[in-house]
């Protein structure tokens, strides 16, 4: 009542003084406030109207596409987060039909950059799915960080203030953080890098990556013993050279020349069979630090050590003139049934895992020999006759291993080739003997398909990766896993041992790579940078670097000590299924 009387007195005063413009302005303000009160009531009534999301996003989309070309690509970056959260809000409120209509109406706007995320979100059919899906939970918990130039940011603010788009404004305030930079807008080619999901995962990675990593090679390894043996050989040769010089002084000139030439020939033959041929390959790892093993390593039989040392001695020296020979093996007529393959360390065996649940091993030394009958034992120990069949009779023989009840996704030989591991969609891992042609153990622990399995560099231990979002470490003599590595938000697609056996790396569909301590089972590195699922991993021979390949064809080289990307390698246009380092020539 007092406010009304005050307004009347003010109006009378303005009329008496002749302030007509001021009186009109006051009347306009009074009408605006009245309209605002009415609109607030209408807004309260429309809070549950699902059409507000469609209208809000549609208007923002129309405005962004009609903006100046110089700033359009920056303003379009805002659409994806608004689209995602508008859809999830509709689902959370129970408007499923409107949510599906909204999703399919505007989906094409984001197919190019975010097709994989859209495929996953398409499966959201109820509010409970938002809680169950890792991707949806990640969107809910974290914020999008979008880079805009200062002028683009001002344009967006002006639009939001002018249109009073409350739905869009709410999404932006709650789920988007802007990184505003002065100057000109960024390039269109940078669009994939300027919209990123930040939050708990980034903070967690920063915290994890402060831990120490010992990336060197194992102490007292075969390579180290070989280097010591070569050093002793060099010392003996130096002493022999001094003794020869003394002998040459006592001989006559002709006899001395003949003796020197004979000794030189013998010496060159000795060095060629031991030291110089191996130095090229060991030079890369000789500078790497040595670390103690955290796992109890199996004892290497003497005969195996001798064969390894003999193999190292007999290796030919590689250089730009003498390049290594390469063997290629081609699987033909597999009819999309071949899922994986692997070659033993000595190159004598090749294994293939197939969709019909079979595992086939080819012995390269028996190629061309006539076929014969063999037997492979089943899991319970009973033997069943298996014909070593051929793709081309007498040319391509293989031993058939049967035991899995689903497609085989990974197969790996032990370092010495006497054992073989296979993993399958039946959620099991099987250990086979290549000597006995038999299944020795069936390891059960994963709850879903096992995508990858790898032996450790010293054998005995192996690691597996599964759809259940875990990686596990096993030993051949125990049927239960020794460690369970849990932390990924989606499938663990690949696993790789570090060369010193103290760590394993895992690549996941959550677009991250993690490094785990095998002794504690703790994550000590989180590598963030891939834009799609990580499909392959490889460790450098000295253990300092790691390579990871993803579904988009990008390869990233990481420094394990710092957790940073050294260099991205671009060139592939599709999935990178496998990676490997080699020694420098």
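Any Cβ shown, glycine's included, is placed from N, Cα and C.
Unlike curated entries, TrEMBL annotations are predicted automatically.
Feature list (source: TrEMBL):
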- 231-254: compositional bias 'Basic and acidic residues' (COMPBIAS)
- 374-386: compositional bias 'Low complexity' (COMPBIAS)
- 48-176: domain 'TFIID subunit TAF5 NTD2' (DOMAIN)
- 231-275: region 'Disordered' (REGION)
- 369-389: region 'Disordered' (REGION)
- 331-365: repeat 'WD' (REPEAT)
- 401-433: repeat 'WD' (REPEAT)
- 443-484: repeat 'WD' (REPEAT)
- 485-526: repeat 'WD' (REPEAT)
- 527-568: repeat 'WD' (REPEAT)
Apart from its near flanks, which chain residues at least 6 from the ends of the repeat 'WD' (331-365) lie with a Cβ under 8 angstroms of it?
311, 391, 396-402, 404-413, 415-417, 420, 422, 424, 426, 430, 432, 434
Tertiary contacts of the repeat 'WD' (527-568), as residues 6+ beyond its ends and Cβ separation under 8 Å:
116, 192, 201-202, 205, 209, 213, 215-217, 284-285, 287-288, 490-491, 493-500, 505-515, 574-583
What is the three-state DSSP composition of the repeat 'WD' (527-568), stated as helix, strand and coil residue counts?
0 helix, 24 strand, 18 coil
Can you tell me how the residues of the repeat 'WD' (401-433) break down into helix, strand and coil by DSSP?
0 helix, 20 strand, 13 coil
Rounded mean pLDDT for the residues that make up the repeat 'WD' (527-568):
91
